[in-house]
């Protein structure tokens, strides 16, 4: 008799859930909410004037435990400027076949160029399409942004960009008036 009661107790969860109302997830038509800090697809961010935040330092690639990131830096010139600093990430690739979504690359980035979005739909039937190049990772240009390459905002320094003093229309008014930086 004790063995029978043990078997009934073992199936207690099963029996309890058999008589509950079923919940249907309508996933493809109505995606559910994700947590605000969900680690989804990566995004390379831009400054308000359109220049890229990535300086090609390769710290994200060094921090990646899965070796999923490849960065090749190049030097900026005054004629062809992609970021406000001396360098920019000429080649940037993330291999989502290897990425484990840990976010260590985001923590390692000194300019906050790399963030993770809430986009989780990255499935594909072609392995080559899961290696995201820079053009798929860059944040879209907003209407007031200018596509790089273009010169820095007039009178702006690297420090102005990193402190957030540059807007889509140039330096903030307080900075032009001569307030200390």
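Note: Cβ is positioned from N, Cα and C throughout, glycine not excepted.
Annotation comment: Swiss-Prot describes 44-74 as domain '4Fe-4S ferredoxin-type 1', evidence class sequence analysis. For the domain '4Fe-4S ferredoxin-type 1' (44-74), the residues of the chain that approach it from at least six positions outside its boundaries are 81-100, 102, 104-115, 134, 137-139, 141, 144-148, 150, 152-153, 161, 166-168, 170, judged by C-beta separation under 8 angstroms.
The Cβ of residue 109 ([4Fe-4S] cluster 1 binding site) lies under 8 Å from the Cβ of 59, 60, each on the same chain and at least six residues away in sequence. The [4Fe-4S] cluster 1 binding site feature in Swiss-Prot is assigned to 54, 57, 60, 109.
For 64, 99, 102, 105, the entry in Swiss-Prot reads [4Fe-4S] cluster 2 binding site. Note: residue 99 ([4Fe-4S] cluster 2 binding site) has non-local neighbours 64, 66, 68, i.e. same-chain residues 6+ apart with C-beta under 8 A of its own C-beta.
Among the features that Swiss-Prot reports, domain '4Fe-4S ferredoxin-type 2' is placed at 90-119. Summed and averaged per residue, pLDDT over the domain '4Fe-4S ferredoxin-type 2' (90-119) gives 96.
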| task | Return one of helix, strand or coil for residue 57 ([4Fe-4S] cluster 1 binding site), based on DSSP. | result | coil
| Could you count the residues of the domain '4Fe-4S ferredoxin-type 2' (90-119) that DSSP puts in helix, in strand and in coil? | 5 helix, 9 strand, 16 coil
| To the nearest whole angstrom, what is the C-alpha distance linking residue 102 ([4Fe-4S] cluster 2 binding site) and residue 57 ([4Fe-4S] cluster 1 binding site)? | 20
